[in-house]
Amino acid sequence: MQILLANPRGFCAGVDRAISIVENALAIYGAPIYVRHEVVHNRYVVDSLRQRGAIFIEQISEVPDGAILIFSAHGVSQAVRNEAKSRDLTVFDATCPLVTKVHMEVARASRRGEESILIGHAGHPEVEGTMGQYSNPEGGMYLVESPEDVWTLNVKNEGKLSFMTQTTLSVDDTSDVIDALRKRFPKIVGPRKDDICYATTNRQEAVRALAEQADVVLVVGSKNSSNSNRLAELAQRMGRTAFLIDDAADIQEAWVKEAACVGVTAGASAPDILVQNVIARLREFGGGEAVTLEGREENIVFEVPKELRVDVREVE
């Protein structure tokens, strides 16, 4: 059995930054550190940080006065931000800068009195945070997930309308929704640059290349990870058997027993140690040395807040 690795895969710059913010805060201030929502959607990462003293909460009311609070990489609404400001809390923001970019687009539209349409998945924390940037009662903020949603949507003023997207969507599906928006609302204005982030796009391109060669595709990522789910869906659309797994223990030998080639990738919130464990598991099932495919190089780095820029090893 041949083992192929997608390239790129795994951690993106926003996830690296968010995890570093929690780790550095723990090193500087000590436990407990409170984090609103899972800092990134990966069970291994969250469990590791929890063991070190991070407490993950959903409501600001759960945080005691005087505590350290961190917003997750997915971002928060203005209402949540204002609630935190009203409390005696030290707040650090781990929102991915590429999510913040979308927040700023929504806020600008709100100030201008433009109505805004967000393409995204209902209930996802990034969507809730982005929708929560709009505050103009004269306008409106709407969520669509599919072309069908677009055709049934009614807005107040089609002449003052803009759209944005969640950063972790399927590139292909989003293109279909944007096409529908432009047909339904010819005057609608979109962002100058696609809101779907570089890491999402690159990992989807990489899994497409992987699926062209592999019989079975394993996507390392948690069930609540939007970008990981999109990778598995893309491989399935290409006619491949694909499984979304949290770790190597999830793999069943029957999945790969007849496969000549197994492809492995990882969502943007999955650490590489999980991929290495998957490779070891596949080798137990008769796999050979893992080969990494050629792919797009990523060298983007997002800095942590200056108050947290320390060498954790020195603090520890």
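Placement of Cβ uses the backbone N, Cα and C atoms for every residue, glycine included.
According to Swiss-Prot, the protein carries these features:
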ACT_SITE  E126  active site, proton donor
BINDING   H41, H74, H124, T167, S225, S226, N227, S269  (2E)-4-hydroxy-3-methylbut-2-enyl diphosphate binding site
BINDING   H41, H74, H124, S225, S226, N227, S269  isopentenyl diphosphate binding site
BINDING   H41, H74, H124, S225, S226, N227, S269  dimethylallyl diphosphate binding site
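Over all protein chains present, the Cβ of H74 ((2E)-4-hydroxy-3-methylbut-2-enyl diphosphate binding site) has 28 other Cβ atoms lying within 10 Å. Between the binding-site residues T167, S269, the minimum number of other C-beta atoms within 10 Å of a residue's C-beta occurs at T167. In the shown protein chains, 24 other C-beta atoms lie within 10 A of the C-beta of S226 ((2E)-4-hydroxy-3-methylbut-2-enyl diphosphate binding site). For the recorded isopentenyl diphosphate site, residues H41, H74, H124, S225, S226, N227, S269 set the reference point as the centre of their Cβ atoms, and the other residues of that chain within 8 Å of it by Cβ are V40, E126, T168, N224, S228, G267, A268. Max Cα-Cα distance over the annotated isopentenyl diphosphate binders (H41, H74, H124, S225, S226, N227, S269) is 15 Å. Look at H41 ((2E)-4-hydroxy-3-methylbut-2-enyl diphosphate binding site): DSSP puts it in coil. In this structure the C-alpha atoms belonging to S225 ((2E)-4-hydroxy-3-methylbut-2-enyl diphosphate binding site) and the residue listed as 'active site, proton donor' are separated by 11 Å.
The binding-site residues in question are H41, H124, and the one with the fewest Cβ neighbours inside 10 Å is H124.
Within 10 Å of E126 (active site, proton donor), counting CA to CA, the binding-site residues H74, T167, S269 contribute H74, T167. The Cβ neighbour count for S225 ((2E)-4-hydroxy-3-methylbut-2-enyl diphosphate binding site), using a 10 Å radius over every protein chain in view, is 26. E126 (active site, proton donor) counts 26 other C-beta atoms within 10 Å of its own C-beta, drawing on all protein chains shown.
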